[in-house]
Every structure is written in structure tokens, then in C-alpha cells.
Amino acid sequence: MLADMCVGVYKAAMNYEIRPHEFSFNTQESLFTGLGLGFLAATAVVASPSLLDLPITAAEVVRIAMRAGILLYQKSQDLEQLSLDSSLESWTTVVRGLDESIVRGELEKFNKSMETPPSSRIYISVVEPDGSVFISGPPSGLREFFNKSGKVQSAPRAPLPVYGGPCHAAHLYDRTHTEWVVSKVNPEIASRRLSGHPLVLSMGDGQPLAGENARDLFESATYVLLTSIIRWDSVLAAVKKLPHWKQDTKLQLETFRPSSPAVHGLISAVQSEYPDCTVSVDDLGDWIIDNSLEPPTIPIDSRIAVVGMSCRLPGGSDDLQRFWELLEDGRDVHQKVPGNRYDVESHTDMTGRRLNTSHTPFGCFIDSPGLFDASFFDMSPREAGQTDPTHRLALLTAYEALEYSGYVPNRTRSTTRDRVGTVYGQCSDDYREANAGQNIDMYFIPGNYRAFAPGRISYFFKFSGPSFNCDTACSASLAAVQIACSALIRGEADMVVAGGLNILTGSDSFAGLSRGFFLSKTGNCKVFDDGADGYCRADGIGSIVLKRLSDAQQDNDNILGVILGTATNHSSHAISITHPHAPTQEHLYRSVLSQAGIGPHDVDLVEMHGTGTQAGDAAEIESVTRVFSPPVPRRSHPLYISSVKANLGHGEAAAGITALMKALLIFQHNAIPRHVGIKTALNSKFPDLERLNVHIPKETIPWPYRSNRKRYVMINNFSAAGGNTSLLLEEPPVRPDPQGPPQTRFVVALSAKSTTSLRRNLESLITWLEGNRSARLASLAYTTTARRMHHKHRIAVHGASVAEIIQALHQRGSRAELGLLVSKPPSVAFIFSGQGSFYAGVGSQLFKEYPPYREQLQRLDEICQQNGFGSILPAITDTDADVSQLSALVTQLTTVCVQIALCRLWRTLGVKPAVVIGASLGEYAALYAAGALSASDAIFLVGQRTLLMQKLCTANSYGMLAVQGSVDDIRRCVQDRTYEVACINAPRSITICASIKDIVDIQQSLVSQGYRSVKLNVPFAFHSSQMDPILDRYEEIAKAVSFRSLQIPLISSTLADAAVQSRSLVASLFLRENTRAPARFAEAVAKAQDMGLVNSHTVWVEIGVHSTYSGAVRATVADLQAIVPSLRSDETNWHTLAVSMCTLQETGVPLDWNEWYRPFEPEVRLLDLPSYRWDLKNHWIQYNGDWLLVKDKRPRTDQISAATPSLRTALVHQIMEESFRPDGGEIVVQSDVMDKEFFAVASGHKMSGRPLVSVFSYPDIAFTLARYMYSRLKPESPLPAMDFGQVRVLQGLLPRKDRSKPQWVRMRMRADPQCAALQLSISGLSDESSRHVEEKLASGVVRCGDRQSWQDEWADYAHLLTTRIVTLQQMAENGQASRVSRDLVYTLFKNIVDYADHYRGIQSAVLHGLEAVADVILAPSNDSRWTAPPHHIDPITHVGGLVLNAGHATDHHNTIYVMEGWKSMRFAEELVAGELYRSYVKMNPARDGSGFFVGDVYVMREDHIVGKVRGMTLRPLPRILMNRFFDPPDDGDGLATQHIQPHDLPQVQHQPSPTTDSGPDDDPKDPNTGPLTPEVDLPVAPSVEKANTKLVRGALALLAAETGVEPDGLTDETEVSALGIDSLLSLVLVEKFATELQVNIQSSFFLESPTIRELKEYLTASW
């Protein structure tokens, strides 16, 4: 019906638009009426003085119709709830062939015999001229009526499609409803005078509607619609009696349904009375199929609001505040290309002679582009590392921009996920070409191709709107904004996340732009400078959130700026494609200004494209001055011009979005920052800017808001490909200060996806609040609850002031468990309590100050009054009332109505119960909540029952006593008094009934024996024999009501059981039992637990006037998670709800905070709070070497040369590849572990009886390769001393048991031209499908040094070392330290490592705590093919292992210590066999508390230090795991290594990264000296005891290795989805499980296992 009415009004408007001359009506010649909602449509035309007024009047009438529909729906739900899954049932049936009087008599008889509640009566709603009668009422009542009324039952009848609820019902509606429906009409329309307007005849009695203005007309029409029986014959009679008629009157009917009986009846009636009257009928319905009318093509409002933004920009501008500070400080942040991009020295040649080099070493760069929170975005570290950092930072900034905008999915129409799009500009993808392309892996395509950048955002946030990646070169991001605006204006989306992306990692674009003469060789963009010599490339990531302005205002968003227009054109007439063209730019500006309706002189600031090129700056200044500041007419206000590129460089695809964000910050800070691009003098090609009133700000210029002049900024963003994009930005609209809602206590919520981020979020909010103590608490609460996305780790606090919130947050921060973890939303149970705790003014504060609750109670109060029970509102509003003077009828009805209203409130707030339970009187509200009873039925039953009590029972003759004791306790204590058990709430919470005299004696007896008891303030003893007189009569009354199907399970305290279906329950019998039988609450809850309806994780919400059942539930449900009250008598309503909502928020119950704040949203604001604090780790594939320079010029060595290699030692075998160039060199060597000499090295060093290659073999490899490369790169220079440091041991190298096939190890060393640092990586090779796969074993760096300087340094403290050694030896002599012989040393060692004889160099040792000194004599070598023999390096240094694995300072019985690595190893002279050396060490626990030990080993010959191993690190390993770690594979071609892991790293790096912390001797400038990230394959300590199997450990190790997640992160509660296992990675894991674990599983297994715990349990149970 509503749709018909809307169409009707619209059709009328369109019809008269075509024929405007016909829109002329007056009292003498025009007459209107209508049926149903069509009656309201008629009032829209009558209330419109002219055709121009009709659209806005029609819109108001549509709103009236909507509110009327809402009222009908509410009434239908009160009378008979409609469940979501139930079919629609008609509220009206037409009966033909019976006189109205007969039907009315049958209705009266039925309603009386059935004792139908007054509000549920069946009634007549329409009487047609042919005698047909429309009978209306609740569908269940209609069915019952037609089944029992013989006369009507036999008459022809048909249900009508009336599903909206009861209408034309005077017993249900009155003038208050009419006033509510019309109350929101626009005052300008409502006050419109209607003198001389045409008549509107009532469809009830045919009388003209009275009223002096439009509001009166609307109210009268609505009242007729709601209350009057439609009698069309009365309308016809009234029409015939009008004084307008003459014999030859012409009647013109305009109708939408000319064939309807009503129209035919009208024509027949008129022509029978006036035969000469001619009738013409205009069928306005033809318009429906008329396609000649085209919809308007110009939108009413094309203004676009920017509501959120975020950035990652150079110069440390990782957020908007730092960006503004950079602008305000006037910083120029250009720098040399950092080492994490490429080696700037080797890839730059300012002469341009060297192939593929850049001419400039400069750029502007984001500090740490690899930082990313992979787990937040459900990405594995493996996928994150292979994903372009532009994509990752797009995700981060998109989230921050959405957070800034207050985005919550589906909160409003404009935030519906299906209507949100993403558009990003991007013109390069260096990471794909230079970084990820070095080792192409499974995520190469989705991780690097441009389309995936916006697509990944849409996928993560589940946006279904349009997603575009836009490339227009340098103007890509502003072009993306234009696309976004167009999508919004055209209605293709309601919100768009847009931005620009640029991260520079490769040298190719630098080289290409250099050779195209785009780039400056001297530094940053010198915008407007006379010496401008090109632009400076820059990183840039920016994201903004866009909405239509009207939507943003409706959503209560913070509007940062308004885009009035944007356009793009192309410089097709330029002299070349890359050359700018001023006339084309000029045309573009005028187009944008015209689009916005703004004059050029209204614009006071132009944010220029300003690349700092001679051609670009000159063309742009020409076009700008011609349009915005021509000589004539001269501007009256200054025009300021500037460019952000002077600060941050040219961000290329991100340039436009950077300029836009700058302009938005200018509005925020009311100032224009100074321009820093002029380094020498103003460009001499510029016109006289002073004369044109054009100014370049040389200092920060205040630019405040003015009420009489709006601020506009034109933003230019031009493309090297010839495109020009401009955007006109208007300052945000001014909003009045909010007054704030009436609440006195508010909830502030925090959440995160990890505990690390949660703590950081907490700390940042505390810091912000301490600096903003004047912040509005209501807005703070609104921002953190209604305008935030909530994650699984949660904190919620409440307070009445900001100071209270700060204190509460500090208290939470001091807890060991910071917040609650919500793995999934818990189930919710509603408890409806009884009536024993009633008090005056129950819920009065909520009623007075929270409109939705008040409206619910007012609706319920109407039902009370319609049933003749009177109003309950005085008992709520009068807080000083004497409860003892209130009747039982009032208290019981108030209790039930409050419970129903609270139930509706909680449901509106998103708290949906999975099960409900009622106690005593509360069972009525529980039946309502479960769907068995309507609100009207519940109120009717409670009211009738209470009236019977008041009539048939004597008030206050019986009493009820709540006892803290068991039934047996009471029986034992009370033996001489008669009582009945009324309620068993918990095993030791019993309510009994007795006569007043006995109840007093019983209470005294219980108290005397130590039992607490409370007499309930109730006039009757429910569930006792006092109820017997009312039972039969109440059962009869209750037969008028039938239970409907339960929508949710009901735990019945009457039945002490859980009802899932209500079909077996007879309402009258059940309600009789509820009145008389004891309420067995505890048994019911226990039964619900047995049935699985509730458990310890269920959150209980008590709905009643006070919290009375929390103790009972806790006594019955073990380990109860939470129970919260709705109201309490001892605290304010706001306090109770705040505490309860805190608990619900923390436990994960979905709360619709937006709905909570909806009534007061205009009075709160979205605050600019600190953004989400990420748990960042560095995911970065470092570009290594020079392949971008040499490309295919490098010599290939695909086949192993047959010639004798030029390098061969025991450990270094075949040269696979070598290249030596002016910019450095690289060598790749391959060795066979199964080679006799190599295997002998491993055999001399066994762990768990298995050969293991000593890590002290690696110095020999490192020094051998380093000397070889040095001699090749610097053949004329003598070999220097060398230091092998930054060694990280990633895996142990164990020879396979099967020695029949080779086991390859590959060594790769890279060197810079000066050989200052030679980087070594050692990897094992496995053969997977004939494809060699490398797994890194160790890494380190050889540095060249000066032997003499080392000796000079050591000489300064050699005497101190000697003194300490002497002291230790004296302590050994005195028994204060332990002296250990050679045999005992290696006997002790044998528990861990079994050394061959030539490794056993220690002759004796002295141990004291973590300190030791050893005498060492090195064994001779059998041949000379060693550079640093392992059997020399190992014994000279393994004194550190002796201290930890054999001394008394550590628990070496349960723990062993294995080598992790060292920072530096240097020897000032060669070690000589047979010489006596002395090794000293003191190990110290690592400062980070990891259990690692670190120490320096000093090697002395006589009194001189000849060597030092600095920072030698050993890690602990449980001794029980030795066999697992050092048990090599039996066969196969796979890599025969077992993973031994170092401690957790602060970052995840996928190649050497300069962000790794360096030691004091490390060269921080070298980009290739960072440690390599270990593969992760540690055993994870089991937390599920039954899952501690080899299979589970292997599975977890595989998961860790393939996802890149740290093993410690694989806890039982870890969600598999958070590991980033997608469909692609799941296929890899399936293959790995099959080949390595011999377990065959489906790929969906990883996508369907929620947590690691379930994964473990599945594996344990299945295998």
C-alpha cells in the first residue's frame, strides 16, 4: 500500500509537470478523496499551492505514510509477533452476502465468549457499497473466529493481501498516535495556510476534512485512516449532495485505477442522480508504462566529502601529524638512495656513461617501507614478504583512513559493504621487477600486479563496490579521486576508498627518467626556482575516504573538505607528449570552476603540480595566472601558490593525493605553510607576481575560517603522459558545538587483533587523554564504540569523567592479562526475574532520558489502558511513591512491561538471546521473548491474573521468605510450622511461603540457627495454596490465548525443563501451573546445561527491576563467564547499563553501539583519536647485486666447467659461477658433503652419535672465498687481515645416512669493489622434482681490517686479562675454582658432542661460575688445504660451550647450549699447531631474558692477545630434544638437515635488510650486511597434552616453515585464518603434508580448522 501511495504521488507530480495548466484547483470546482493510503496522496496535492510545491509536499506525505506504516507494524507486533521465518498472514478478510449487522453481532458474540483482550478484538474495518464487509484483527484471532462463527463461516470470504497490521481501528488508535505520525513534518509546509483549497472528503463518512493549515489537514487525514471504518457509500452520498451540481455539469475524474469498483460506483451514483452529466476519466496509470519521460541527468548534489585520510610519506611522515609538522617546519627531506633500495654508488653515474645507471643519487623515501602487520590482515609472513610494499601500505593506510572516518561496516546506508568501492592510482611496480623477481614464488602474481592493490583492500574489508587501479602516470592518484567522485555522483557506490601508491626500489626508472632529462642531479624539486633542473623522485602512500556530502552529514562524519569539482583533459596540442601546454591547463581550470559554480577570484590558494622543471613551472604559472589572477580585473584578495613537492619530492602516482592531503591539513590548521622550493631566486620566466597579487608564502600564513568568505583550494596534478587533472576543494562546513546526551556514565572501548597492539592502543589512548582532559566524554565514548571496528582482544571501561576513564585504563594496563580474547561471540541467555524487588521509580532515569526505551514503555502502557488496567507510567516516573500503596496490579504490570521494554531494548542493541528463562512472574516476559506470547497477550494475562488475586485472595495474609539454605536445611530447622516451597533458585537459595504469622516465626527460627533470610515485599504468596481460589477462573480466561511456535528455546522454571517447541504446551494449563506450582529455576538451568543450550561460556543478561538471580545462576553453572543486570535499585540506570555493556563488549557479545547512540547522535562528535597501533615487522626482499645494471650482459655458467677449477680446498669444491666487474664481484661455489675430506670434518664432531658439520668450519670457507675474491678484485694489493662476523647459524648441517649420492652445499659470496664487506651465505640444496631448492644454513660477513690496529687495541687491556687469568689459576689452587683435565673436559663434552682426537685441543681448564680459562695446544693438519682449519678454530673457542654445558652455573642436566653465532672473529696471526695458547671467556645471560648466553673469547699466546671472538652466542635447547634435532633423514634426495633455531627476531626479513640492529663494529652504511632470516622449524612446546606426538610436532613445524610465522606464535588459541593460509598456500601445505609427513588431507582442512588446538586434535584423532 505504501508503495502504491508513493507511486501515486509521483505519478501525479509527473502528470502535472507534462500538463502544468491542469494544476489548478479551487473549492468550487475541485474535489479530492481516496482509499487507504491513497487518501494521504490526495492531501499532498491539496496542500500544494503550486506545481513547484508538489514535490517537496509529496515527500513529506510519503514520510507521513512511512511513519503510519511503522505505527501499524509496531501495533501488529504488540498484538501478534511475526517471526522472521514465518509466512505472511492476512490481517483482513472480505465477507460477501451478509448484512453488516449480522457480521457485527457475530463479532460481538465471539469476542465476548472468548474473553478476547480488548486490543485483540476482531472488528469491521470496511463496508463497501455492495454490502461486502471487511473483517480485521490478529491473524490467529481471525482463524479462530471463522472456525467458530457458524453464520459467517458459511458465507463466501477471501483473505486480502493486508499484512502491515491493524488499521481503521478506533479501539487501537487515538489523537496521540495521529500527532506522533505527523510530528516530524517540515514546519514550513505544516504551517502553510489552506484558504480556498479544494475539499478532501473523508473516506469514513464523506464529510470534508477540517483544518486551517496543512498540518491540520494531515492530522485529520491520518486520524481518518487509523480510526474510521471505510464507508464508500457515505462518500458517494456526500458527493451527490454537493452544491456544485447542475444538469449539464461535466465531471472529470483523475484516477490511477479507472476500472476499480469504487470508480464505477462513483460514476453510477452521479449519473443516476444527474443523467445529463458527462463524465471523462483520465487514467494516470498509463504513465507507468510510458517510457517517453527521461530521468534527470544532472544530480541534485554532486558535492563529495572527504571524511578520512592516512599517509606514509618521506621524512618520517608516517602519520598526518608528522606530515603537518614537516610542512610547518619547512623541511626538505631529499636524501641519497638508502641501501634498502639498491646500492646507490654502483647504480649511479652522474656522467651517464655507464650502462643502465641513474644520473642522480637523490630521492625522498619512506623510512621503513617494509614494516607491516601481516597477521592483522590474515597474511602469512611468506605472503607478506612477496607482496609489494605499496599494496601492504595501501592496506595499512586504508584501514587508518577508514578508522579516521569512523567507518563501521553496514552502520548506515552509505557504509553498506556492497556499496563501497576502491580506486587507487599507481604507475610503477618496482618491487615486482627488482625485488620479488629475484626469486619468484607462489605469491608473485597476487602480491605484485597492480590490480591486486585495490582488490586486496576490497577483499579484506569485503567491499563489493567497484575496484579500479588507475595509471595516468604522475596524475594517477588525483585521476583515481576523480573516478571515485564520478562513481559516487552516478550512484555506482556510496563510499569509496581512494589514493595513490609509489615505492621506489629499483634503479631502472631512475635510469630511464635520468636519461629522459626529467630528474634533478642536485637534489629536491626546486619549484619556482630560477635554477629548477628537474624533479626528485619520491615515495608516497596516501588513502582517503569519500562520500557524498549529504551522506556524510547524515552519518555524523567529520568532514575534512568538500570536493566541488574535478576534471581531466589532455595536452594534445603540446609540442611533445611529455611537454606541458598552458592553454589546455587553463581550459581545465575553467571547466572545474564552471562545474562547481565558483568564480576564479573566490579561489585563494592553488596547490601547484610544481615539479621544478623549467617547462613545467613556466607553463603552469602561465595558466594559473591567466585564470585566477589576470591583470584585469585585478584580484582583491591575494592568491597564494605553493607545491608540496618542494618538501617531499615528486611522489609520481602519489603526488596528487599528497597535495590533496596537504590542502585538507591546511583547512584543519587554518594556515598555509611556507614554500621551500626557491633555493636561489624566483624563476625569471615568471610574470610580475606582485603586480598580479600572487604570492608565494615564505613563512607560514594564517588562513582562518571566516563566516563571510569560504576558502577554496585548486589542486593541480599533471601527467608526464600529457594528462592534466585538477580538483577544487572547499573548506568543510561549520558545525555547532554538541550539547551532549543526558547519560551520566559512558563506556570507552578498545580492541586489537593482538595483545601487543592492544597494549599499544591502550597506552596511546591514555597519552592522548592525559593531553586532552577537556575532551567531551560522550564523544569519546561514541567514537570508541559506535565508530570503531572491534577486534578479538578487547578492553572496555566505564566512567563519569575523563579522569575516571584515565584511571580505569591505567588499572587495566597494570593487569597481567590485559584484555579478554574473543575467539567467537558467545551465546546469550536472557533471565526474566520475578517481582520480589519492586521499588518506586523503577527505570525512571532511562524512561525520562532514553527515547527508544520511553517509546516502548508508552506503547506497552497503551495496551494496559486498552485492556482497562489503567496506566503504569506513574509507578515509573514517580520516584517518591510509596510502594506499599501501589496495587498488585500496578506493580505486576509494571514489572512485566519493564521486562518486555528491556528485552526489546537489548535486542535493538544487537543482543539476541539464544535461550530465555523466566522465574515466576518473569516467565510471562520470557514467553514473550521466546515468541510464544505477544506483548498484548502477556499484559492481558498478567493483568487478569492480578485482578483475580485482588478479588479472590486476601492481600498480606500470606508472606514469602527468601532463605540462604537448602530445602533440607529448612526442613530440619522448621519442623513445627506449615510452609510451602515456592521457588528453588539454587541449591542453597530457596523461597518459601506461609501465613503471615508462621512466616515471622519461621524467619526467627532460621536466623537463630544461622541462616540468612529476607521477607519479600509482595502482597500475595505466589506458588502457594493462597493461589488456589483463582486457578479455575484464570484457566478459563487464559483459554483466550494460545501459544505460538517458539522462535528460541525457553527454559521453563515451571516445568523444570527446556522447551524447544511450544506445540505440546497448552497455554491455559501451563499458566495455571506457573501460578500454583513451585518455580524450579535451578533444575531448569541444570537441564538446559544437559541439553547443551547453555554452558560456561554463555553470557547471561538478567532482565528485571533489580539484579536478583546472578547468585543463583553462578551457583548452578560452573565457571560462569558473565552475568549482567539491566537495572539495579541501588545505582543509576546509566551506571548499571554502562557496567553491563562493558562486560558484554569484552566478552564478545555483538553490541550495536550505533543504535545505542542513535537518539543523541547530533549531540556527539567523532573525535580524532590515535590510530590503531600496529604490531609491525619488517617484510622485505632486498634487491641484491647488480642485475638491473648488467641484465643479460653477465657471463652464463649454466654447465659446470670441465676445466680444473682455480679454487679447491677440503671444504670448497666446485666454482659454479663467478663474475668480477668494476662495481664488485660474486662467486658461487658448490661442495659435496659426502666428499671424503668434507665428511671427515663432520665425522670429527658428532652429536647424538651423528656426524654434524661444526659451525667452526664456516670460517675456513669464509676466509678461503674472501681471499680468493680479494685477489681477483684487487690483484695489485696484498691480502689484508680479515674479520668474519655477523655470523648467524640458521640450521645445522648433518650428512645423510645414505652416502651413495651427493649431498650438495652451496656457498655464495658477494663483494663490493673495495672489498670492504664480503657477504657470505651458505645453503643446503634439496632436489625437488629436479629443481634445486636452497635452504639457508648460515650467513656472515667478512670485513677487511688492519692487523696492527687490532694488536694495538688489544695491547691496552692484555695485562688486565693476564691478571685475571692468574687470579683464576690461584683460585683453582685454593679450591675456589675447578681445574679440569683434558680427559675430563672431553668426557664432560661427550654428553653433548663427541670430538675426534684432533679436535681435542684443550689440555686443562679452570672453571669458575660462567668464567673459564683453558690451555690449548692445536693438533697438526694432515695437509695444507686449509685456510682456517676447523680443528684449530673449534678447540680454541669451545671453552664457552664448556662453561655452559659442563660448569655449575647452568642446568646442563636438562638443557644443552648450542652455537647461535658471533659478531666478530679476528686473528692477528695464524694459529700454529703445537703452540700453547690460552683461551679465556666469561659468558653472560643475554639482556633480553631469552635464556641465551653471550661472551667474548680471548686467545692469548704468552702475554699477548692474538685473537678474539666477540659476541659469541649460545642458545638453550632442551636436552630431551637432542635426538630429534640431530637425527638426519634416512634416504631421499632432500636436504639432510635438521633445523636449529635462533631466538625470536624483532622483525621478519626475507633477505638481508639494513633495518637489523648492528653491533658497534658493524658498518651501518653497508646495505648487505644484515642477518638472513632463519627458516622456522622449531618444536613447539605442546599445550594439548594428548597432541604431544611426533606427527603434531612435524605438522606445526611445517606450518611455521611455510607461513613464516614464529613457532612461539602457534599456540592452541591461534586462529588458522590469522596465519594467512589462503587457498593457494593450502595446496602447498597439502603437498608438504603428503611428502614429508605421509598424511593425506584435503586442502579445505586448513581453511576449516578454526584454531591450532582443533588442528592438533584432528591430527591426533585421525592418525
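Note: Cβ is positioned from N, Cα and C throughout, glycine not excepted.
According to Swiss-Prot, the feature region 'N-terminal acylcarrier protein transacylase domain (SAT)' maps to 19-168, an assignment based on sequence analysis. According to Swiss-Prot, the feature domain 'Ketosynthase family 3 (KS3)' maps to 301-731, an assignment based on sequence analysis. Residues annotated as region 'Malonyl-CoA:ACP transacylase (MAT) domain' in Swiss-Prot: 830-1149. What Swiss-Prot lists as region 'Product template (PT) domain' is 1209-1527. Per Swiss-Prot, region 'N-terminal hotdog fold' is recorded for 1213-1349. Summarising the annotation, Swiss-Prot assigns active site, proton acceptor to H1245. According to Swiss-Prot, the feature region 'C-terminal hotdog fold' maps to 1376-1523, an assignment based on sequence analysis. Residues annotated as active site, proton donor in Swiss-Prot: D1434. Positions annotated as region 'Disordered' by Swiss-Prot: 1544-1580.
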Task: Spatial neighbours of D1434 (active site, proton donor) that are distant in sequence (at least 6 apart) but have CB under 8 A - done: H1245, S1254, F1256, Y1395, Y1399, G1401
Task: the region 'C-terminal hotdog fold' (1376-1523) - residue tally per DSSP class, helix then strand then coil - done: 32 helix, 67 strand, 49 coil
Task: Three-state secondary structure, which DSSP defines for H1245 (active site, proton acceptor) - done: strand
Open item on the list: With every protein chain in view, what's the tally of Cβ atoms within 10 Å of the Cβ of H1245 (active site, proton acceptor), excluding that atom itself?
Closed with: 22
- [ ] May I have the DSSP-based helix, strand and coil counts for the residues of the region 'N-terminal hotdog fold' (1213-1349)?
- [x] 30 helix, 69 strand, 38 coil
Open item on the list: Just to confirm my parser: what is the rounded mean pLDDT across the region 'N-terminal acylcarrier protein transacylase domain (SAT)' (19-168)?
Closed with: 86
Open item on the list: Summarise the region 'N-terminal acylcarrier protein transacylase domain (SAT)' (19-168) as counts of helix, strand and coil residues per DSSP.
Closed with: 72 helix, 18 strand, 60 coil
